[in-house]
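> Summarising the annotation, Swiss-Prot assigns UDP-alpha-D-glucose binding site to Ser282, 348-349, 366-374, 388-391 and lists similarity to another entry as the type of evidence.
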Amino acid sequence: MKRPAQLVFVPAPGIGHIVSTVEMAKQLAARDDQLFITVLVMKLPYAQPFTNTDSSISHRINFVNLPEAQPDKQDIVPNPGSFFRMFVENHKSHVRDAVINVLPESDQSESTSKPRLAGFVLDMFSASLIDVANEFKVPSYLFFTSNASALALMSHFQSLRDEGGIDITELTSSTAELAVPSFINPYPAAVLPGSLLDMESTKSTLNHVSKYKQTKGILVNTFMELESHALHYLDSGDKIPPVYPVGPLLNLKSSDEDKASDILRWLDDQPPFSVVFLCFGSMGSFGEAQVKEIACALEHSGHRFLWSLRRPPPQGKRAMPSDYEDLKTVLPEGFLDRTATVGKVIGWAPQAAILGHPATGGFVSHCGWNSTLESLWNGVPIAAWPLYAEQNLNAFQLVVELGLAVEIKMDYRRDSDVVVSAEDIERGIRRVMELDSDVRKRVKEMSEKSKKALVDGGSSYSSLGRFIDKI
């Protein structure tokens, strides 16, 4: 009889990272009753603490909330990736202490009654904690919460810099088109991840990516049928440890049933596939000028809509968007009255439940990877409007590489002065809501493939089994 094993998961503090990490842990615990998992949770200074309310989580999964670390110039960090990496680094001593506290006595004795520490599973932004795993003489694995194409692009650029001596920032003029082996089509520099747009961020990002090679394997929240080209590229050489596509890892339950019920009742009254849903993630918000363009586009499109509209944090402050106290202060005069019979403007949105509702026919999205996987799972086509991080890359992949989305503005950056016109937004809404489009047909086919990937005999089911065998 094999001795039970314990894995320590360290997700980055963003809610999307934590949610997919929890789903990863649930999959592992469900597959092997000899696996025990401890999830170390870091709290962002401007966000609500994570609380586990999912009754379906195994008793073999334990959550430990780490003490808050002293912030280190967090408000002047240039992009979310750099912020997360610095934030995780500041928690290194707390991670070490937490692991010491959860180590079973059997690690100091020869008893086999308690789980042995088998390894760390680190978030894509937590690779600096490989040093801590080494102190405990256990291997590290990486959990890449984004897609295989982003992993491949980062790995490719890191190799160009470190092995070819190429200054990546010289390739990133806005008009350049790059040959990236993980993409079939030429890749426009205008849609590079935000962390590769200037010398300082690029250096920090690629230095971090180079640490991935020190892990024993990389779990990716994707599936073979969606990203076969990028996954085959990653498997084609020895530049990166073995990759295990284990997605889609999704939490399809609403976290606030009371708020969700009113929204879902409204959707119940709408015809099938008639509502376009606009939502831009936990960090997504727009200034007043852009909000008015969106409102104009919705009104002119004539489509029924459900719009999650969030207020931006104060200028220059790193904080989460919040709900408006009075929507009339930001929307065009009379908009709510004129659209009352066809639309609903909300704050927080139970996104998974909305995407799973039969009335939802299209999704105007920032193309965050969790949101993308939720939309594909439910067979809802996307109108791509990325905001930051690797979302521009995701949009390119969906629109150009895979034909699973239409474009609103693929090269949009939320920190730019660009205001997307109502005409461009309306055009995207009309296209994504076409009921007989090729995009909708492809999305429906991918929805079926995403569900098959997770069941016995599916590609991700088999890949997860190989990972369990390894640990």
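Note: Cβ is positioned from N, Cα and C throughout, glycine not excepted.
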> Which of these binding-site residues has the least crowded Cβ, counting other Cβ atoms within 10 Å: Ser282, Ser371?
Ser282
> Restricting to the same chain and to sequence separations of six or more, state which residues have a Cβ under 8 Å from that of Ala349 (UDP-alpha-D-glucose binding site).
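Ala349 (UDP-alpha-D-glucose binding site) has long-range Cβ partners Ile263, Phe277, Cys279, Leu306, Ser308.
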> For Leu373 (UDP-alpha-D-glucose binding site), write down the residues of its own chain that are at least 6 apart in sequence and whose Cβ falls under 8 Å from its Cβ; none is a fine answer.
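Those within reach of Leu373 (UDP-alpha-D-glucose binding site), by Cβ under 8 Å and sequence separation of 6 or more, are Asn221, Gly247, Pro248, Leu249, Leu250, Ser450.
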> Where does Trp369 (UDP-alpha-D-glucose binding site) sit by DSSP, helix, strand or coil?
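Note: Trp369 (UDP-alpha-D-glucose binding site) is helical by DSSP.
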